[in-house]
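Asks: Quick one: the structure is below, questions incoming.
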Amino acid sequence: MKRWFAVVAAITAILLFSPGGPAAKSSRWGKDYFPNVDVVTQDGERVRFYDDLIKDRIVLISFIFTSCTDLCPLTTARIAQVVDRLRDEIGKDIFVLSITVDPENDTPEKLKTFADAFYSGPGWTFITGKPADIRAINSKLGNKSDVATQHRNEIVLGNDRTGEWTRNSPFADIENLELAIRDMDPDWRDRRHVPQDALAANHDPRDLTIGREPGQVLFKKICAPCHTVGVTDHVGPDLLGVTDRRDRLWLSEMIMNPAGLRANKDPILTDLDAKYKGVRMPNLGLSASDASDLISYLTTRTAQINELRAQPEEQHLHQSTDGAGHQHN
Ligand code: HEC
């Protein structure tokens, strides 16, 4: 029960989190601070923690474990959204590091399957290693969490060159998280003299599709990191038409308690699990009325997209300026 309370509290935090919250923390973290021990990546490569993963880099660090059934897959999916926005810099100036808090169980193979569900490309390393070493690293990063605690839902941002380190939340607005990461780079800060431009450049045109319908807001915050509607299968299946292909009761159960369906060996979910490896739809602590809002939203959105797709190409181009047709192919 306690755990559930924590999940609900964390979801509330996602919905309420406002930017500017996390306090900046400057420190002398650096070469002599971090253990420069051997760790193992998702590709089975042995690397030195400080020399190979931190030194001279801007890093975003998160704490995960692959058997997590509540929030960590959502955390990782949200980081993947930010990574997507920073794609040109990832692996060049900015690096992402996800460290297991369950080194006893998280083998490189498990990390690999988990990693592949979210991202493919350079610049994002998942690491495990000797339990004592991994624990020492996590503790130096101020993360005392393990599989049973919730503190892992926090991220650390650092620039080893300037010695600036700060904490942030993966549940901040994606736009703000992106800015916080870019802000770790002094050159970027210098270039950012015209805030209007920076804001315009970071404005996501897809946001135009977001209105005040409760299901829509909820969807953007906690489903969109893993699902699209009318784009493509992502971490989870694309949800265009899901309200036609599935029974309403099943959908509601799936949204509120996928772990319960899985425990009952639900045949549809068994098929989906076989297709979507490495990550499971998490139990997100949603109520029946949340599920109902989400189902309404999925129904409306599917109808909108279908209508748009049925229109002749010219009209469609015209209408796509509201963002709704932007993902049409
Ligand atoms: C961390 C990623 C993640 C998040 C967050 C997430 N899902 Fe899922 N979802 C999945 C995966 C993966 C599957 C495929 C089933 C499985 O293996 O668990 C899935 C399956 C589904 C299905 C079944 C699709 C079908 O074809 O029958 C529905 C419906 C669904 N999710 C809705 C939602 C809604 C609504 C939200 C937000 C409240 C949400 N999901 C949040 C990962 C996620």
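Each Cβ is built from the backbone N, Cα and C atoms, and glycine gets one as well.
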Asks: Say which of Cys72, Cys223 is recorded by TrEMBL as the disulfide partner for Cys68.
Replies: Cys72
Asks: When DSSP states are folded down to helix, strand and coil, where does Cys72 (disulfide bond) land?
Replies: helix
Asks: In the structure shown, which of the disulfide-bonded residues Cys68, Cys72 has the fewest Cβ neighbours within 10 Å?
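Replies: Among the disulfide-bonded residues Cys68, Cys72, the lowest count of other Cβ atoms within 10 Å belongs to Cys68.
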